[in-house]
Amino acid sequence: MSGTPRTPSTPPARPMLVLLWLTVTVVAGGGPEGAVQFLAVGDWGGVPDPPFATPREVATAVAMGRAATELGADFVLSLGDNFYYEGVRDEWDPRFEETFERVFTAPGLQELPWFLLAGNHDHAGNVTAQLAYGHHSPRWHFPHYYYSLRLSLPGTNTSARLLVLDTVLLCGGGDDFGTEGGAPRGPRDAAAAAAQLTWLRGRLAAARHDRYVLVAGHYPVWSVAEHGPTACLVQLLRPLLRRHRVTAYLCGHDHNLQFLAEGGVGYVVSGAGNFMEGSQHHGGAVPPGSLRFFFGPPSSPGGFAHLRLDAHAATVTFLEATGRVLYSVALPPRDL
């Protein structure tokens, strides 16, 4: 079932944010329709040389601002690779200003909080500096390498859960532009990877009464594109997503837009914030019939996803930076 999102009758107010250990509560300001809405964009991290932002990143930022105003958004979810190609040096690195603050300036974005996770290019630099940057910017929310967002659906007594992972700590580093496709090489710290997995199992079990459960990470579970499926996540994460009836897994890493469905779980790839690649090199590596949508023409000015969670459905809409709606799918609430 698919459809395009409707414009809310009143613009959403800025969410209230309450940090409780590693759980952030997001209370949407939305109108009477009772929805939480957000934008999901990955791999938007500019370039390390002047002007430090690509034309595609700039176009995507403008389109995100327009979507936030016209469709509604309570926050932005960044899916990693926030700074190409080697992350940032420290919390005062000028790249925060050059690639983030000066680019995402549209009126629709200025009051929105960003929730972030780290990609492999961020791990090539100093991720703790990205965690610390929240002290410098009111928009930047990166409380821990992995954390939980509780999303309260306004006008209802229901909630959703968004679990944010660090798939690089879980599976190891890899280079997007490596000669061997940049496959993760295994975690540097096996104990830390195991601790994250234990945390995830606990949070998934605790979310059993949430109407929707979303999980986000940088590496894809399933992807038909250049990097393809992440074997580590297919082995470790996919069984958990299915067992706990997760609504969708969101990621970046491959530089295009994709939607796949397998085992009752939706797989959203939104990695078109800075580069666009059309390869479907791994088309034969995903479950047969799972790919429902793919968009990656190199001539495109970029794209992102808009998600709307209400009492009836979790609607995922892919938009090109031109504003064109590319694909929309409505995912049902979990059977509680």
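Heads up, the Cβ atoms here are built off N, Cα and C, so glycines get one too.
Residues or ranges marked as signal peptide by TrEMBL: 1-28.
The annotation domain 'Calcineurin-like phosphoesterase' is assigned in TrEMBL to 38-256.
Cβ neighbour count for D43 (Fe cation 1 binding site) (all protein chains, 10 Å cutoff from its Cβ): 29. Taken from TrEMBL, the feature Fe cation 1 binding site covers D43, D81, Y84, H255.
A sphere of 10 angstroms centred on the C-beta of H218 (Fe cation 2 binding site) encloses 31 other C-beta atoms. If you look up TrEMBL, you'll see D81, N120, H218, H253 marked as Fe cation 2 binding site.
Around the Cβ of N126 (N-linked glycosylation site), a 10 Å sphere holds 18 further Cβ atoms from the protein chains shown. Residues annotated as N-linked glycosylation site in TrEMBL: N126.
Residues or ranges marked as disulfide bond in TrEMBL: C171-C232.
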Spatial neighbours of D81 (Fe cation 1 binding site), counting only the recorded positions N120, N126, C171, H218, H253 and Cα distances within 10 Å: N120, H218, H253
Cα-nearest neighbour of C171 (disulfide bond) within the listed recorded positions, Y84, N126, H218: H218
Overall pLDDT of the domain 'Calcineurin-like phosphoesterase' (38-256), taken as the mean: 95
C171 (disulfide bond) CB neighbourhood, other CB atoms within 10 A: 26
Cβ contacts of C232 (disulfide bond) (under 8 Å, same chain, 6 or more positions away): T167, L170, C171, G172, P184, G186, Y219
Euclidean distance between Cα atoms of N120 (Fe cation 2 binding site) and H255 (Fe cation 1 binding site), Å: 14
Neighbour count (Cβ, 10 Å) for D81 (Fe cation 1 binding site): 30
